[in-house]
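Here the structure comes first, spelled out in structure tokens, and everything after it is commentary.
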Amino acid sequence: MKAWIFFLVCLAGRALAAPQQEALPDETEVVEETVAEVAEVAEVPVGANPVQVEVGEFEEVEETEEEVVAENPCQNHHCKHGKVCELDENNTPMCVCQDPTSCPAPVGEFEKVCSNDNKTFDSSCHFFATKCTLEGTKKGHKLHLDYIGPCKYIPPCLDSELSEFPLRMRDWLKNVLVTLYERDEGNNLLTEKQKLRVKKIHENEKRLEAGDHPVELLARDFEKNYNMYIFPVHWQFGQLDQHPIDGYLSHTELAPLRAPLIPMEHCTTRFFE
């Protein structure tokens, strides 16, 4: 758990230092079982989980020329992941597949992504550009981004481990909130309302000493502090339930949390199935 907290602290620190980039909207064509495409780490909004990534956050900010003779028709013409805007012979904007070789060179390992066919791509830009060239094919239809980071061996999730996953997830979300609270001195990592809720969690963090406790004691503690236990889950749910806000989480909405967790927690894929 200490390693996870250290990892989260590093991500939160990097989120504060990173320049804000423009986010891309979700890809329009998504198979129900596929995961939404995920990318480079953008600046984390106030009150957001630093491990949760934004869909399309790998997009490079479009450069603008200092001297613009006429408005570029492509300026406000959106293209989905893997495509770029070009003008046809009538000066009409159109979306075409991006050449993978035109993608920016990766800075480090953290930019690499793994596809569901276990192939590592240098960045999400390279992945989406490659997927675009396969549009209309069976392979392209099935291909999607699986998780962030280079492909690695992920051991199978045992039934006993899967049954414990919700508790690990709840505790992990709680630890994320507590870590953000402890580092929130003027950094605006949490909203004022969130700070008040997490303050209670922080103050009660050590009400039970580590060790084995009777089930009855743990049950009473859970009932007494129910709101404290469920707030981290509600906090994360509220961040993900956005498109649309309907009280349900689709595979697309879960993707920003799922993709960065898979390399760290091998039961993630099975839990979110």
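The backbone N, Cα and C atoms fix where each Cβ goes, glycine too.
Looking up ASN90, ASN118 in Swiss-Prot for N-linked glycosylation site, the annotated residue turns out to be ASN118. Taking a C-beta cut-off of under 8 Å and a sequence gap of six or more, CYS132 (disulfide bond) has these contacts in its own chain: HIS81, GLY82, LYS83, CYS97, GLN98. Neighbours of ASN118 (N-linked glycosylation site), defined as other CB atoms within 10 A of its CB across all chains, total 11.
Over all protein chains present, the Cβ of CYS74 (disulfide bond) has 17 other Cβ atoms lying within 10 Å.
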